[in-house]
Amino acid sequence: MTIAVYPASFDPITNGHLDVAARASRLFDELVLAVAHRPYKKLLFTTEQRIAMIRESVAHLPNVRVDAFSSLVVEYALEIGATVLVRGLRAATDFEHEFQMAHINHHLAPTLDTVCLMADQRFTLLSSSAVREIAAYGGDVSSFVPAHIALALKQAYQTHEESRA
């Protein structure tokens, strides 16, 4: 049984992430969307909120589960018996970073391979940070994230604005 881990902050998960996850779920017996718990990083949503949003987004994919990790991703992957890390590539700049990380990860955990999936062209310019910025200014993000996440973004920024007033 091949277990693959797709790690990211997912703050929030986007349609680009979900496209990669859906395609990766067809390649491996089990896919774990691993939400990075990074207390030192300023994130819009808590780890628990991100996990809940992702679970709702991938409920239709039977071999996908969602978990959180706070260690090195290679340590987490080995701990759960994974042999593959999944990464999505949007552009050449992503490739450079992922190429370096794949080599570092392989050095740290030689039994782990990295598989990169090219982003669907509809999502090559899509990022969580761009979605957050659009949402922060009241823009429509409904074509970039599932409806429940668009609503959560709207509510998060309304709450943020109300607390600043």
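Backbone N, Cα and C define each Cβ position, glycine as well.
GLU98 is the only one of GLU96, GLU98 that Swiss-Prot places in the ATP site (with SER9, PHE10, HIS17, GLY88, LEU89, ARG90, PHE123, THR124, LEU125, LEU126, SER127, SER128, SER129). A gap of 10 Å separates the Cα atoms of LYS41 (substrate binding site) and SER9 (ATP binding site). Residues SER9, PHE10, HIS17, GLY88, LEU89, ARG90, GLU98, PHE123, THR124, LEU125, LEU126, SER127, SER128, SER129 are the ones the record ties to ATP, and the longest Cα gap between any two of them is 18 Å. Cα-Cα distance from SER9 (ATP binding site) to VAL73 (substrate binding site): 12 Å (rounded to the nearest whole number).
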